[in-house]
């Protein structure tokens with residue numbers, strides 16, 4: 001029991017630190033939450049933590065990573081992910097392997113590592129962690145394609161790097177146990193074959209298992225049609241697939257990613273109510289938030305400052321090597337890809353991709369696991385290098401990405417969009433003030449004269465806001481389309497809920513209700529994926545159920561009044577079609 005109490009104390013301690021960071025961040029909006037968590041953890045580590053915080057490789061890889069991956073998978077833009085799968089695979093597989101090779105060569109020549117240790121170091125240090133970058137993307141707004149490229153690369157290269165890491169570490173452990181050199185255990189050609197086969201099995205095997213489990217989960221969610229049960233099923237999927245594939249020696253990362261992407265795709269959304277989807281996504285958003293909160297505070301606290309100071313020059317060299325390896329891979333590889341893909345990636349995109357290389361959570365988890373093979377100075381050196389690179393990329397890349405995006409000019413949050421948000425936000429505030437004043441007046445806590453005086457100011461302000469918003473919408477059609485799409489989404493959700501309520505009350509039959517719900521679902525998918533503009537009519541194959549039934553009954557709504565054909569002439573309507 002004492003062990004459980006100690007663990008609970010650690011969790012509460014980490015949340016207390018995070019709460020303090022949240023209070024500071026609320027006062028200073030430009031402070032990124034994850035960066036603040038890391039800095040707070042580092043400060044606690046410097047002054048001495050009153051609570052013993054221990055961070056293990058198993059905790060990160062088995063407890064936190066599945067939640068982070070599954071959340072990213074169920075919320076990613078699946079259409080954009082599929083359209084950009086070729087560049088994502090090229091960056092996450094080919095690009096990662098080339099960068100590992102570059103780091104390995106440098107590790108042998110600069111640090112004097114053996115080839116096996118140098119390859120292990122490359123596999124540990126090169127996987128990317130986009131959480132801070134994506135937070136910046138969400139804050140300032142970037143094209144969806146760029147966000148999908150960064151997020152997709154990170155999700156896939158985690159799986160590939162873990163395969164390389166596991167293969168190399170297993171060989172090193174075997175050599176250590178036998179007291180021989182790694183070259184005596186496996187020839188370089190055999191080693192390359194093992195890594196290649198491992199990556200193939202991880203990608204294909206993990207994808208097949210993940211897709212199969214995702215399909216079964218979808219059928220179960222549609223069958224039970226219950227939001228909370230759907231959340232339970234999603235938890236089983238996220239962690240079950242990960243652990244199952246991990247035990248088989250395949251990639252739990254790829255399996256969990258594929259299962260989540262399937263559930264987020266159109267086949268995975270078919271028949272699932274919007275409420276269920278929103279609930280599942282919201283719960284996993286909270287889970288990822290908690291995981292990131294615990295992770296980044298703990299990373300700061302367990303950072304070994306004594307080792308970082310001891311190996312400071314080596315850490316500077318590692319930082320340079322990591323940046324060079326990523327740049328050497330990104331620019332030539334993307335330049336080659338641009339010859340094969342329909343929509344080439346601009347140089348501006350390449351700059352952001354190169355700078356998005358934050359090497360944190362996965363790298364820390366992997367280096368914490370090398371104690372099985374190494375002890376003494378080598379383990380300390382690897383830990384110092386990885387923690388040093390992680391801290392630097394989080395603090396530097398994460399905080400300067402916004403400036404880079406502004407510099408290269410690819411933010412989609414242009415002044416009109418930002419102005420619209422400011423005006424609408426101010427209108428929300430004015431409406432809340434008017435509502436509060438009305439309640440006070442109705443409760444006889446505000447005199448009529450004071451009520452009129454107070455509300456007159458806010459009414460004038462609201463009229464001015466409405467005029468400004470309408471003027472902005474007239475000048476910028478894209479802003480108007482966004483407002484209409486957002487309103488349409490909220491209206492459709494209300495329509496869906498009203499039909500479900502009518503089914504539950506027995507006002508309409510379940511067969512008719514399900515068809516009506518399917519029509520609304522089509523409209524929701526259209527709005528969410530932005531497949532057509534809101535003004536464009538639906539294609540014929542998406543004629544709603546109720547319109548088809550009216551057509552069968554001879555009722556036309558094409559004119560203003562509508563018309564009904566002669567019942568006598570239409571009595572055999574079905575046989576005439």
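A Cβ is built for glycine as well, from the same backbone N, Cα and C atoms used for every other residue.
Because TrEMBL annotations are produced automatically, they should be read as predictions rather than curated entries.
These figures come from a predicted structure and were not determined experimentally.
As annotated by TrEMBL, transmembrane segment applies to 6-26, 33-53, 59-78, 85-107, 113-137, 197-218, 230-263, 283-303, 315-340, 352-370, 382-405. The feature domain 'Cation/H+ exchanger transmembrane' is assigned by TrEMBL to 20-404. Annotated region 'Disordered' per TrEMBL: 554-577, in sequence order. What TrEMBL records for 568-577 is compositional bias 'Polar residues'.
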Quickly jot the same-chain residues contacting the transmembrane segment (352-370) by Cβ under 8 Å, restricted to those at least six beyond its ends, or write none. 55-57, 60-61, 64-65, 68, 91, 120, 123-133, 142, 146, 149-150, 153, 158, 161-162, 165, 169, 295, 299, 322-323, 326-327, 330-331, 334, 345, 379, 382-383, 386-387, 389-390, 393-394, 397-398, 400-401, 404-405, 408, 410
Outside the transmembrane segment (33-53), six or more residues from its ends: residues with CB under 8 Å to it: 9-10, 13-14, 17-18, 20-22, 24-25, 131-132, 135, 292-293, 296-303, 305, 391, 394-395, 398-399
Applying the under-8 angstroms CB criterion, which one of 59-78, 85-107, 315-340 scores highest with the transmembrane segment (113-137)? 85-107
Can you work out whether the transmembrane segment (315-340) touches the transmembrane segment (230-263), with the criterion being 3+ CB pairs under 8 Å where the paired residues are 6 or more apart along the chain? no
Determine whether the transmembrane segment (59-78) and the transmembrane segment (6-26) share at least three Cβ pairs under 8 Å, counting only pairs 6 or more apart in sequence. no
Considering only Cβ pairs within less than 8 angstroms, which of the stretches 6-26, 283-303, 382-405 has the most against the transmembrane segment (230-263)? 283-303
